[in-house]
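Everything on this sheet refers to the single structure shown next.
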Amino acid sequence: MILIRRFAIALAAILILAIAGWFRIRGTLAEPLWLDEAYSAYAAAKGFDFLWNIVPLYETHPPFYYSLLRLWTLGFGDSLAALRALGIACGLLTVPVTVLAAREAARLVRLPAMPVMLAAGLVAALSPALVEMAREVRPYPVLILVYAAALLALIRAARGVGAAGRIPRRPFAAYCACLLLVLWLHNLGPLYAAALGLASLLLIARPGLSRRDWALLIGGQALAGLLYLPGLLILIDQAPTWVKSTWLHFSTVNLVPRLAEIYVAQGTKGIVGGCLLLLGAIVLLALRRGGWRLAAALLVAALLPVAASIALSLLVAPVFIVRTMTAAAVPSLILIAIGMGGVFGLPGWLRRIAMVAAGVCLILLAGRMAVIDVRRRASPPMQDWYAAVRWLEQRYRPGDMVWAYPNEGALPFDYAVRDLGLRIATRPIPTPIPTLDGGPGAWNPTGSRGVFSLPADRLAAIADAPDARAVPTIWLLRLGANAYDKGDHLLDALDRTRVRVGDCESYPIDIIGLARLDVAGPPQIFPEDRAPCEPDDKPPVRHKMKSPPPRDGDGDRFSTKKKRAALSGRRGGPAGAGAAR
């Protein structure tokens, strides 16, 4: 019987890890690096001197994650698979670490550990928030893993205090190390650190604790804070630019679904099932000796970072609530596991009724999580740079050049070109990332000190320069033209002496081809409903143009034919009728 039980447990563990791996790995190599991921890869490729001396000049996040990614690429290469592997590895490790934290929590309050562990493994494997972040080349999968490890070490230290009346040194040292990593992994790390610090007081601080243990409890966390001071100085230096120029706008619209994404799962079934299990966990813990400490600590770890980020968004500057707060899912999942597995510790008929109710709730929640995961794996990438590059490949000719304005657009574009094995020349405007001095009249429109918008006269000078006139076709790549080039100043400057030969938009990717008159093909008229940036063998889906090209005095769009006539008249001769492109 014992062998059968062990076999069943091992089989369940293998199945849970297989599910976690399938959702985290499937399709990752078909998804190009999007903008933020390209920033990570670009920084990691530059070396440690760049990471610690240049990155702090334009990046709000501490350089620690980029340094970790740098070490990873030195060992495994910088291919798309290697870059994504770090996040996937951390995402997979988060599942067993969450299971171990749930086991420690169950043992702390004397609940049956095995059902709590199995429930924790299932929801951690399926959690859409954890799945999505594990697939990204960003700090979030590492942050989630470290936050889970911090909770594991903290709960284990609390068990030691309860058993021996003193703080066990190794678990607490591990907790302090995780606390330091949390601070250095993200610019919102202090919010997580504050939650962990308060949770440590709830779990460990109690009457009878020796002065030495009090010194350890306070001093260990103070040391972590002291070692974070350089990162804090970076944050203080960068914050004013972000606060002044951020393009984000916080709204309470859809706030409930966004919070559900973190704590349970979006959708009525996921919210109802998850919230009932959370409520059940709180009731179960309230009935256990010392359970209120654990319940309060996990609630603080789950709620405080998110509440603080919402307050920052309302009072200071908006932040990405879901993306930056996914680590808060871990304590919520531990509570959900207690709400499911803890009912096995109830007596008699009450246990049977509670098991059925909790089982139904878990099925609702896990089922909804799985549905979301399956749908997302069937969805297109958030930014399909591969399709955009394939679209351009069909039109690009030797001598052409892609102008990326803003300059950061060149990052994901160049990585997509690399992954597809192509050669396409790019020119970031005004300089490659980071542009630390934008020059006269330039400004930071989105809070990043490495990205500048330029005044219209400087854009016109760039477009009229001899090196620009020598390019047969300039493919203008824009990311959110309304943010960086309000008024289409660079587009207008190029449009004065060139003919439009290509046009596509898959927001935020926006590509417009502008050819010299001597190489432009037959006249083309581009409709207001812009074609997506997809290869021609894919069925077109039209998109409304966000930044329409300039209109003439009668309100009609400049056609290529009219442009030719206007330019040829201005130049005193007919335009060249170059080969079709």
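Glycine residues also receive a Cβ, built from the backbone N, Cα and C atoms like all the rest.
Automated prediction, rather than curation, is the source of TrEMBL annotations.
Record note: among 6-26, 216-236, 216-236 is the stretch given as transmembrane segment by TrEMBL. Counting same-chain residues at least six beyond the ends of the transmembrane segment (270-287), those with a Cβ under 8 angstroms from any Cβ of the stretch are 109, 111, 256, 260, 263-264, 294-295, 299, 332, 335-336, 338-340, 342-343, 345, 354, 357-358, 360-365, 368-369, 372. Packing against the transmembrane segment (113-131) from elsewhere in the chain are residues 9, 12-13, 16-17, 19-20, 23-24, 91, 94-96, 98-99, 101-103, 105-107, 144, 261-262, 265-266, 322, 326, 329-330, 333-334, 336-338, 340-342, 344, 362, 365-366, 369-370, 372-373, 376: each is 6 or more residues past its ends and has a CB under 8 Å from a CB in it. Taking pairs at least six residues apart, the transmembrane segment (167-185) and the transmembrane segment (81-101) share fewer than three Cβ pairs below 8 Å and do not count as touching. Listed stretches 81-101, 191-209, 294-321, 327-346, 353-371 were compared with the transmembrane segment (216-236); the greatest number of C-beta pairs under 8 angstroms is found for 191-209.
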